[in-house]
Structure formats: C-alpha cells, structure tokens
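Below is one structure; the comments refer to it alone.
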Amino acid sequence: MGTSRSTCEIFVCGIVCLLTFCVTEISPSTDTEKPAVTGSKNVNRNSDLTIMKLGSAKRCPGLYCGYVGNGECGACPRGYQPNSQSECIECNSTPSFYDCLYLGFMALLSLALNWFFIDYKTRGKRSVVVLHVSALIESVLAALLTLILSDPIGPLTIRSCQANYLSDWYTLFYNPSPNYTTTLHCTQEIVYPLYTMVMVYYAFSLVFLMAIRPIVSYKLVDGRGTKSIYAALYFLPILIVVHAVFAGLLYYAFPFIVVVVSVITSAIHLSCMDEQNMKSLFINSFTNGRNATILIGHWILHAYGVIAITKLEDPSFHATLIALVPFPAIFYILTVRFSNPDNLEKV
C-alpha cells in the first residue's frame, strides 16, 4: 500500500509539473506587465492614460478618446474630433445637405407646434394670423442668432464634424476603462455642433417667446393667445429634453417621422370636416383659406420628408417623387364614400 501511494503521488506531481510547464510555454510573456516593486503598479496604470511622444502605432483606448500634442488621452476640445490615430483634429467641413435638413426639421418642429397651439387655443381669425406671424418672427430671430453665435462667430456659416455612426451621438456610453481599474472620461460632442446648436436654438426661442409674444397678445389681439404661450412654455423644455436623450435616433429617423406624421395628420384634418363626401371635401379643401393653408402645409412637410429620405442623390428621378406628395390627400377624398362609417349599415 505504501509503495502504491508513493507511486500515485509521484505520478500526480509529474502531471502537475507538466501542466505548469505547458502553461508557461504557451502563455505570452508577462515580464513587462508584472511590477517589480510595489510602487510600479501606479506607473503602469498612468502609462495607459498618458501619451509620451505618440507615434503612428500608438492609440488612445476607446472609440472617442484623443490627445492634443503630447498631452494625455481624454476628450478632444469642442469642435475637434479624434482621427484614426487618436489625434484631435479640428473640424473645418461644412454641414452636409442631410445635416442642414436635420437642423431645419428641429427648427420647424417647434414652429409647427407653436402654430398648432395658436390655431387650437385662439379664437378670432385676425388674432390667429397675428400670432402666427409673431411665432414665425420669433423662430427666425432665434435661428439667426444661433447661426451668428456659432463658430465662426459672425457670418451665417458654421463648421461641423461629420456624424458617421449612431454611437457618435452617445459618447457618454463609450468611456473606456483601461485594465478595468479606472474610467477614462472622453465624453464630447463628436457631432459638433448638431447637438448643442439645437438646444441653443430652443433656448433663444424661449427668450423671444417671453419677450415678444405677451406684448403682441395684449397690444394687438386684446389679450388672446395666452394659452398658446403657456403651451409653448411647456413643450419647448420638453423638446430640449427629448433632443438631449433621443438626438441620435431623431437624426436618422426624422425623414420617416415627417412622412408618416404628415400623412396621418392630413387624414385627421380631412376627417374633421363636416361634410364627408367627395364634392364637399374638394370644395372645402381648396376654397376655404384655413383648410387650404393647412393642407398645403402638410404637403410641404411631406415633400420635406421625401427630400430628406432621398437626399436628392439622383435629382432627375427623386424630384419626380415630389409630384406624388398630394396623392394621400387625393386618395382620401376619392375613397371617402367607402370609408365613411355611416355606410357600414348599408353593407
């Protein structure tokens, strides 16, 4: 028994030594990673965060960390974007056609909501027109001031960084953790200035709303329109929060949102007319000034969405699609006799 036990122990020890040798030979050398002294652990940790004489083969950790000169890895300055070698490069390009359409959409969104609440909450044709003009002036002034204060300050032009991925809008969620010991904060506006510019525009819209609309309401329309002012004081901060959270999703989805919403709201508008027959709908839609304005406004928004989807990359073909913009409204009018719920009893 003693001999067998000794033989087993020798066999087990041999297996353990063989496995240890194999693991040592196969695994990569870690001599440079293990600290020789206790204090060198902090040196190795800081070496992940600091760049000394960066060469072309060295990069910062994470997707959006960069460096300026021989500095440390971190967030690039505002208006800069890290390149493939993690060097922060100043953005000098102009916004693309799609970027301009996105900024226009965010501006039109607040204006459309202003006009909706003015029309919905205000009585009197003259009062509605005056308040509509006031809301338009407020939006134009806010847009002009936003453009003037954007870099470069003064001219009505802006420089921008290119947005390539959805993650570019949410750099907060891509802060790297080298060695899983500390977090390197590289949160920045990669899509400069598409993110902050919209918020600045909404802030100026609030300022001009409170500065102009109350005076117009009490001096020109006998105090009407106060409810639309209160509504704007609610939905403008809501728009700021929505943009802060969903800006990236809106950037890629807004063309489809515009097309779908314009079709739905156009159908709702037509369904709210008193006479639901083909002849009356045609007459009321184009002879009534209010109805014609609303319908044409929906067509303009629908065309805006079509242009944003196609980007007019093939102008000769994509421009013809705009001719189909009135089709949903015409289809509703032509088929209203079949969709009227009163006719269900006759089937």
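Every residue, even glycine, has its Cβ placed from backbone N, Cα and C.
Features reported for this protein in TrEMBL:
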TRANSMEM  96-117  transmembrane segment
TRANSMEM  129-149  transmembrane segment
TRANSMEM  194-216  transmembrane segment
TRANSMEM  228-246  transmembrane segment
TRANSMEM  252-272  transmembrane segment
TRANSMEM  316-336  transmembrane segment
Open item on the list: Counting CB pairs under 8 Å, which listed stretch among 96-117, 194-216, 228-246, 316-336 touches the transmembrane segment (252-272) the most?
Closed with: 316-336
Open item on the list: Could you check whether the transmembrane segment (96-117) and the transmembrane segment (316-336) come into contact, where contact means at least 3 Cβ pairs under 8 Å with the two residues of each pair 6 or more apart in sequence?
Closed with: no
- [ ] Using a Cβ-Cβ cut-off of under 8 Å, list the residues of the same chain that are 6+ residues beyond the ends of the transmembrane segment (228-246) and lie near it.
- [x] 106, 109-110, 113-114, 117-118, 120-122, 131, 198-199, 202-203, 205-206, 209-210, 213-214, 217
Task: Within-chain partners of the transmembrane segment (316-336) [C-beta distance under 8 Å, separation at least 6 from its ends] - done: 263, 266-267, 270, 276-278, 281-282, 285, 295, 298-299, 302-303, 306-307, 310
